[in-house]
Amino acid sequence: MACDLILVLDAPSPRDIAPVLKRLSGTVRWAKIGLEMYTACGPDCVREVADLGYNVFLDLKLHDIPNTVAKAVESAARLPIKMLTLHTCGGREMMSWAAKAQQQHAPELLLLGVTVLTSMSAVHLHEVGVPDSPEAQVVRLGRLAVDAGLRGLVCSPLEIAPLRAALPSDVTLVTPGIRPRDAAADDQTRVMTPAEAARTGANFLVIGRPIFKAPDPVAAARDILAELKS
């Protein structure tokens, strides 16, 4: 199974990292815009990154009542994006409405359900009233998302194998919590190396700090991509 790299843009604006983005554009095909950048500069940042040649993954983790999320998906579909996230804990109806909006307004857009954040452990889940392990909760939410019409999920690398066993093979798995062996885990608790995640069945690996903090970001990205192909 082919596995590709998504570059996390951890900055308030594309202009703040423009030199590195331009250097990486010939090596990395995908870029993720999250809440920090989108809140700071809105849809313009999506267009700027797309204009540099990247496929844009807009990671907004939508979570609201069904009608509001469906309208947000409709609005996002007007942007040059390839992927968009929502929280699976918003429930079946919310995800179903979102999936219908996506199919109507952007059939090629991949709507991804976020399961359990990679910063959360079993202790954190228990604190918010979830008695099960992260793995059990991810599989439960993953099944619910697919039943509601989603064709992709975001999960930690530790839940790739259980999801592959529980879901149809054509479900796309996007995996943060990826750290090369010599990189710090930072604020993530459920992590894996790029090669391990690819072998386990991930379709996309979401990586930011290990590339941007490297002395040579282009070399770091190329090393990860080579590891995925080996």
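Quick reminder: no glycine exception, Cβ is built from N, Cα and C everywhere.
Note that this is a predicted model, so its numbers are computed, not measured.
Annotated in Swiss-Prot:
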type	residues	note
ACT_SITE	Lys61	active site, proton donor
BINDING	Asp10, Lys32, 59-68, Thr118, Arg179, Gln188, 208-209	substrate binding site
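Feature map: annotations from Swiss-Prot on the structure.
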residue : record                    : Cβ neighbours (10 Å)
Asp10   : substrate binding site    : 15
Leu60   : substrate binding site    : 19
Lys61   : active site, proton donor : 17
His63   : substrate binding site    : 16
Pro66   : substrate binding site    : 18
Thr118  : substrate binding site    : 25
Gly208  : substrate binding site    : 19
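According to its DSSP assignment, Leu60 (substrate binding site) is in a strand. Look at Thr118 (substrate binding site): DSSP puts it in coil. Lys61 (active site, proton donor) sits 18 Å from Gly208 (substrate binding site), counting Cα to Cα.
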